[in-house]
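A.B. asks: Below you'll find the structure I mean.
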Amino acid sequence: MKTNQGVIIYTNASIISMLQRFSDISIILLSTFLVSTIVSDRISLQNWLFAFISLSIFQMIGGITDFYRSWRGVSFRVEMQLLIRNWLLSVIFSAGILSIFPSLFIGLKYHIIWLCVSLLGFLFARISIRAVVRYLRKLGYNSRRVVVVGDSVAGFHLIDSIMNAPWLGLNVVGYYTLEGKKISKEYDKLNINSLGDINKLIESARSCNIDKVYIALPMHESELINNILTELSDTTCTVLLVPDIFTFNLLQSRSEMVNGIPVISLYDTPMSGINMIIKRIEDVTLSLLIILLISPLLLLISCVVKTTSPGPVIFKQKRYGIDGKAIDVWKFRSMSVMENGDNVIQARKGDSRITPVGAFLRRTSLDELPQFFNVVKGDMSIVGPRPHAVAHNEQYRKLIKGYMLRHKMKPGITGWAQINGWRGETETLEKMEKRIEFDLFYIQNWSVWLDCKIIFLTIFKGFVNKSAY
């Protein structure tokens, strides 16, 4: 069909759904053939019966969970999570059938290999289908013509996101605004068409020139939104509501269902599900390796601290950990006093409390090395917002908006703020505000790759700092 954007071949999503089903069926049958040939050198009726039972169960679960649908705009991770969950459910049901009909049991070795081979096949097929569909969508195939109603910040972010992801197959025709309302200057940056007011939207929708309508109006326009929905109910457009959440300061915002009720988290942690497991594996593995490598240095520093000044080698100070819960943070003692109460004075240049050895340890951050044991214990992470003394937390939470949000993750030995120079003494409120800004940026943008980048840069930038006293 022709549009003002040129010729776009509109491929029905059911073809992709059929392709997904066909690939899954083929993989189960092919896995049965390959594993049967490798393990037992023959394919018996028993093998095929088990394969067809598993296939039927997998297809049934896929239908119930809406697995064979368009994954346009949905992350690959979410698709893989549902795939693995469906496959594991299928395996559990199949195992139940095997227990009822033990004659179908072929052998533990066969079933384990078959499970692994088929799962790898599913992953490969889904990756391949995604790659092909993305390529075709970039060429204009399987596209959907979409418009945005409203010129809110949410609408701007949506259009910008779509235009930077051509593989979604969403062709933004333009946007509609309220009659007489000023158009946001932000939209001028996007180089898209202003298509008129709401009346023009209804006319275009009834003419079947639009596939999807994204309503991005402020929350206080609920009456107008209802009127638009009433008019669009006389069309075949898919209508989606874009929540006006950008009016808030967000931290790891995402949507979820609570017993069937959709909710949107505004302040949340990235450390949930698989992210939490990956982060913990990263922390424990690296910490144990580092402790092993630096154990001679730890022993040397312990001896020097013990012999050069009276007092314990390790200083334990109360800090706030994840969710604001108190933890004991370990450091090599660098002062002649050990403040750990409601009135902790921050170290300053030329501070008389700091021992000569302590000055060197603090300047080179070697006093922080015992915190790798905190990481192994689970109180801290290698990368995260640096923990502050309890007294400083209580002071700054009253002065800096969003200060306590930095405790949505475990405190770290190093962090995004530290490698960007925001460490050491914070003699002004502005310096602490800047440190918190970098901490929240890290939480909002957390990834394994960002952790790796911070760890790498810490080696060159994070140890010695002129602001560390």
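Quick reminder: no glycine exception, Cβ is built from N, Cα and C everywhere.
Below are the features listed in TrEMBL for this protein:
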DOMAIN    279-462  domain 'Bacterial sugar transferase'
TRANSMEM  21-39  transmembrane segment
TRANSMEM  45-65  transmembrane segment
TRANSMEM  86-106  transmembrane segment
TRANSMEM  112-133  transmembrane segment
TRANSMEM  284-302  transmembrane segment
A.B. asks: Three or more CB pairs closer than 8 Å, sequence separation of 6 or more: does that hold for the transmembrane segment (21-39) against the transmembrane segment (86-106)?
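C.D. replies: Contact absent: fewer than 3 Cβ pairs fall under 8 Å.
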A.B. asks: Would you kindly check 45-65, 112-133, 284-302 and say which stretch has the most C-beta pairs under 8 angstroms to the transmembrane segment (86-106)?
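C.D. replies: It is 45-65 that shares the most Cβ pairs under 8 Å with the transmembrane segment (86-106).
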A.B. asks: Short question: which residues 6 or more past the ends of the transmembrane segment (284-302) have a Cβ under 8 Å from it?
C.D. replies: 313, 332, 361, 366, 369-370, 372-373, 375-376, 382, 455
A.B. asks: Which whole number is the mean pLDDT over the domain 'Bacterial sugar transferase' (279-462)?
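C.D. replies: That stretch averages a pLDDT of 86.
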